[in-house]
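**Student:** Below: one structure in structure tokens.
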């Protein structure tokens with residue numbers, strides 16, 4: 001295992017306001033520094049205790065020091081008072097202030113989360129107590145940890161690869177059963193093992209092809225069988241394409257299934273968003289064009305996270321800013337998984353055919369629900385007329401009143417049915433990380449070029465160059481071969497919380 005020389009760090013690992021607080025200490029002097037401020041209730045000092053043990057005791061501040069200048073001017077103080085103050089000084093200077101009674105867990109390198117000597121101090125959750133303990137640790141030689149520094153040290157010390165480290169952040173942020181399963185799957189290393197296996201096979205062929213270059217004078221020599229390499233490239237192409245394709249599902253699970261609420265101005269889109277979120281998220285007004293930019297928020301419905309997007313109303317306008325908002329509406333429609341088309345049922349103009357021409361090109365391959373809003377103001381015959389106009393569209397349709405929350409519960413059920421994402425278990429390998437997706441896309445381009453080079457019977461040095469590029473992209477995901485830049489690592493770990 002690769003160990004790195006570092007200082008010793010400390011941080012509060014638990015959220016404020018809980019009954020129990022935990023402080024993590026990690027580094028070469030973690031046990032020594034912790035023992036300086038900790039007095040065990042019984043037995044050996046902390047430095048002599050075995051790993052994976054819990055020790056009960058107390059955290060104490062250093063002995064108090066009295067300013068001796070107070071007693072230098074004894075001639076100005078009556079003799080009896082001077083003696084009393086000196087006795088008080090003697091008592092105070094020998095006493096220790098107990099901060100809290102605590103439990104301390106002990107881990108010795110390399111068998112800890114970070115791969116370093118580590119302690120975890122479990123105390124009462126008072127913010128005062130936690131800050132006092134942190135100050136004592138820093139006074140005795142610790143440094144306050146940076147965001148994500150514990151997991152970064154675990155990565156640098158070989159306890160996990162980079163994709164597993166990123167999964168830690170996903171696990172912390174998981175808000176549903178599906179996001180939890182995906183994070184756990186990545187943390188267990190299934191994704192990393194599959195990539196490492198592909199990478200090693202490519203390395204084998206690359207080394208054989210480069211060996212041929214050393215014997216370029218003997219053109220008849222062929223160490224790397226081209227048919228076997230072509231079969232391998234086809235297999236790798238299929239695996240990478242499957243992983244990259246899974247990103248659309250993984251991203252929807254992780255960040256919420258994107259649902260675009262679209263329609264004309266004043267159709268009730270913002271009112272619907274507020275009804276779904278059960279809060280006044282968007283401004284509602286009778287003035288046309290009130291929403292000029294997209295408004296997004298998430299909500300969990302029956303265990304499924306949805307990301308609702310309230311968009312600018314679609315209409316002809318000369319307002320430059322409003323037109324920019326309408327352009328973004330179409331962009332969000334292209335990105336959405338589900339589209340809610342809001343229609344003002346009371347609109348006498350009824351320019352539905354024109355709207356269809358604008359909207360439908362952005363809806364191909366997407367789930368759509370047509371919502372006839374303000375249906376509480378319609379007669380039964382009017383509802384029949386509306387249904388007839390849209391009879392040619394084989395999509396879900398629902399009459400609602402966003403303002404009165406009529407049929408909102410039914411809409412929520414239809415949304416869950418429309419989402420219909422595949423069931424996820426901890427053995428599934430599904431991509432949720434944009435960085436991974438982009439690297440896989442580049443790797444796919446490289447393996448395409450390898451296939452083309454083999455078909456065109458290009459020289460081994462040209463084919464091996466594309467092989468090396470594919471290896472590089474796969475290595476970038478898990479940081480094998482030490483090729484990941486310091487900037488990439490910083491961008492990843494700075495998004496972690498302090499204490500993790």
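FYI, residue positions are counted from 1 along the chain as it appears here.
Every residue gets a Cβ built from N, Cα and C, even glycine.
Straight out of Swiss-Prot:
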BINDING   24, 120, 159, 500  (6S)-5-formyl-5,6,7,8-tetrahydrofolate binding site
BINDING   266-271, 285-291, 310-313  GTP binding site
BINDING   266, 285, 287, 290  K(+) binding site
BINDING   270, 291  Mg(2+) binding site
DOMAIN    256-420  domain 'TrmE-type G'
**Student:** Considering every residue in the domain 'TrmE-type G' (256-420), what is the mean pLDDT value?
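**Tutor:** PLDDT averaged over the stretch: 78.
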**Student:** Count the other Cβ atoms sitting within 10 Å of the Cβ of residue 270 (Mg(2+) binding site), across every protein chain shown.
**Tutor:** 24
**Student:** Please name which of the binding-site residues listed here, 266, 269, 270, is nearest in space to residue 24 ((6S)-5-formyl-5,6,7,8-tetrahydrofolate binding site), Cα against Cα.
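**Tutor:** Looking at Cα distances from residue 24 ((6S)-5-formyl-5,6,7,8-tetrahydrofolate binding site), the smallest one goes to 270.
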**Student:** Cα-Cα separation of residue 269 (GTP binding site) and residue 120 ((6S)-5-formyl-5,6,7,8-tetrahydrofolate binding site), in Å?
**Tutor:** 50
**Student:** If you count other Cβ atoms within 10 Å of each one's Cβ, which of the binding-site residues 24, 159, 269 has the most?
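**Tutor:** Within the set of binding-site residues, the most crowded position is 269.
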**Student:** Can you tell me whether DSSP puts residue 24 ((6S)-5-formyl-5,6,7,8-tetrahydrofolate binding site) in helix, strand or coil?
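**Tutor:** DSSP assigns residue 24 ((6S)-5-formyl-5,6,7,8-tetrahydrofolate binding site) to strand.
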**Student:** Hey, how far is residue 159 ((6S)-5-formyl-5,6,7,8-tetrahydrofolate binding site) from residue 266 (GTP binding site), Cα to Cα, in Å?
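**Tutor:** Rounded to the nearest whole number, the Cα-Cα distance is 56 Å.
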